[in-house]
Amino acid sequence: MSQPNQIHNALYLAFQRLQWSGLRESVPLTLSENDLADLRGINEKISLSEVTDIYLPLSRLLNLNVGAKQQRGLALNEFLGHVPPKRPYIISIAGSVAVGKSTTARILQALLSHWPEHPKVDLITTDGFLYPLSELKRRGLLQRKGFPESYDMKALVEFISAIKAGEPNVSAPIYSHITYDRIQDEQQWIRQPDILIIEGLNVLQTGQDSPVDTQRPFVSDFVDFSIYVDANESLLKKWYIDRFLQFRTGAFSSENSYFHHYSKLGDEEATATASNIWDTINGPNLTLNILPTRERAHLILQKGPDHMMDQVLLRK
């Protein structure tokens, strides 16, 4: 994460934590400590004060944006003289591995669902659209999992296009972090929510990032509001290693885990393994594919140590 520069100054309004928290106004805190415990990710220490200072103002901003979109829809309906299918407001959340995208998405889902104007809020991750493990092996992409070419982008765009068109029932594949693969014969059904949150590494990509296929639509073409969760790479690497060490004694210990062999590593060897995975896969993916999309986001959440937000950048 670079410090605010000329591009940031030209494109974004910058808010320090105290400034941003003041934009909450009278939005009530609807989550308890028990609720938050269920939403936290591995190795994250997000507190209720973080929800109050950062996420409540953000939920207010999103509620205002959803309301404005709904009003524009009503005006268009009146002009056209008919009522089109219900189309969800789509929010995307991008950022590096280990930055806390999933926790951000779950907290926003919980908060936004308490607004009476849009009580039905669904959440999906793009992980389900990774090619199956067998296909990744066939294509020689196993060591590039998470890179843009490891996703079935055609299926992902068809999914979000159907959502945006107001299709009543749209299915998405489900991914297992235990087996490191899609779950066979299981799907997540999206049935015309008021809001759909889509979380993934590459959801801000455009044709500029795919020179061999610039004309096809991208996920970002269908998104109403985009968020990028940002942090310095040294923090990201540390969080990834810390998470890996926790998985080693947790999820990896299951015999069904694709990474079960890592559970037998000692601390030093596990740390070295995680560091190597970061340096050869996650770090390069961040540098080449994820970080260059940051300035396309409508809002950037910048994290400091302990996953605490220290600045919010809102596009002008």
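Each position is counted from 1, following the chain as shown.
Positions of Cβ are set from backbone N, Cα and C atoms, glycine also.
Lifted from Swiss-Prot, the feature list:
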BINDING   GLY95, SER96, VAL97, ALA98, VAL99, GLY100, LYS101, SER102  ATP binding site
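Sequence features annotated in Swiss-Prot and their locations in the structure.
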residue: GLY95; record: ATP binding site; contacts (Cβ under 8 Å, 6+ apart): LYS101, LEU201, TYR228, VAL229, ASP230, ILE290
residue: SER96; record: ATP binding site; contacts (Cβ under 8 Å, 6+ apart): LEU201, VAL229, ALA231, GLU233, LEU236, ASN282, LEU286, ILE290, LEU291
residue: VAL97; record: ATP binding site; contacts (Cβ under 8 Å, 6+ apart): GLY146, LEU201, LEU236, TYR240, ASN282, ASN285, LEU286
residue: ALA98; record: ATP binding site; contacts (Cβ under 8 Å, 6+ apart): LEU236, TRP239, TYR240, ARG243, ASN282
residue: VAL99; record: ATP binding site; contacts (Cβ under 8 Å, 6+ apart): VAL229, ASP230, ALA231, LEU236, TRP239, LYS303
Sorted by sequence, non-GLY95, SER96, VAL97, ALA98, VAL99, GLY100, LYS101, SER102 residues with Cβ within 8 Å of centre, ATP: VAL229, LEU236
DSSP-derived class (H/G/I helix, E/B strand, else coil) of GLY95 (ATP binding site): strand
Lowest local Cβ density among GLY100, LYS101, SER102, which the record lists as binding-site residues, within 10 Å: SER102
